[in-house]
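Here's the structure we're looking at; comments come further down.
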Ligand code: NDP
């Protein structure tokens, strides 16, 4: 079997998730990690994997079939993906939904110029949730879409709390409102406000002597992040935070509720749900499947930017068409 040689750029939570996923796929071989930090300071989980400076990436174009970009969506990927899509086949998890069309255009130009394939915005949302929305919309053109997230950790909201004066550490959970979920699952197609869909739970470690009431007020009134939600704030010790909130779970449900029949008398509810113990390990596993597809598309002579919408499902699998038809159809 010819293995797909994987490189990882950026070694945070997601980089480690991709590394662990490579171990579970015999047709993928992790050949190198690249980091913007001092390579000597980055210790991979896997013995023997080389760590190089991101500055040396261009010297490794012949060693890597697909470079998986594991930087952050806010600042890293808008620069890194277009910069490397001309040199390598690449996969990223860019998740700033509103900016996906602009990111696609930038990456598409670079990938076409370099004759490479780039898969952007892979993961679970965007990614597997996007596919669930697309399939259900194709099948049920008359209906309504709902996405519920959680219960899960939002890194962005946790970071926003940590920036408040007097906060030493924090973990924020996004939680779907059970009554809203029940109503959607029952096919009632409710109109839901932001507040009616999700609540936010904040576990906060305060610095000694901090004004707890002021911290709570700053959180629940924070525009864009908390003001539109019912938010609860619980103050706990660092020890409790480390003990009870160290994981990065997430998940949620994409639901489409639609009608068919002569007079729309038949209701159908399509639900795709994920319950993830580790957001980065699951996301990393989606990225490696997309890397396999990117390598295949590249070998077929395709170039340019793709999303998961453009990848035929069988391309994600290490199994042959014959095996898939026998085992999963
Ligand atoms: P991290 O903050 O853990 O890592 C981001 C980058 O920070 C790393 O690639 C790393 O790059 C750099 N970094 C700098 N200092 C350190 C350090 N001390 N330890 C670790 N990393 C460091 O982010 P995540 O890996 O959790 O998430 C990356 C992105 O994945 C998110 O921004 C999000 O947009 C996306 N994502 C997408 C999902 C989807 O469904 N599409 C789901 C989940 C996440 P370097 O090694 O070069 O320094």
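Glycine is treated like the rest: Cβ placed from N, Cα and C.
In TrEMBL this protein carries:
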| type | residues | note |
| --- | --- | --- |
| BINDING | 11-14, 35-37, 70-73, 93-95, 122-126 | NADP(+) binding site |
| BINDING | 149, 174, 200, 250, 279 | substrate binding site |
| DOMAIN | 123-278 | domain 'Meso-diaminopimelate D-dehydrogenase C-terminal' |
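With a cut-off of under 6 Å between the Cβ and any atom of ligand 1, the binding-site residues 14, 72, 126, 250 reduce to 14, 72, 126.
Geometry remark: residue 14 (NADP(+) binding site) versus residue 149 (substrate binding site), CA distance 19 Å.
The binding-site residues shown are 149, 174, 200, 250, 279; of these, the one with its CA atom nearest the CA of residue 11 (NADP(+) binding site) is 279. Maximum C-alpha to C-alpha distance over the listed substrate-binding residues 149, 174, 200, 250, 279 is 18 Å. Here the binding-site residues are 72, 123, 126; the one with the fewest Cβ atoms within 10 Å of its Cβ is 72. Around the Cβ of residue 94 (NADP(+) binding site), the number of neighbouring Cβ atoms within 10 Å comes to 26.
A Cα-Cα distance of 12 Å separates residue 126 (NADP(+) binding site) from residue 149 (substrate binding site). For residue 94 (NADP(+) binding site), the nearest of the binding-site residues by C-alpha distance turns out to be 279; the candidates were 149, 174, 200, 250, 279.
Ranking the binding-site residues 174, 279 by other CB atoms within 10 A of the CB puts 174 at the bottom. A coil conformation is recorded for residue 11 (NADP(+) binding site) in the three-state DSSP classification, outside any helix or strand.
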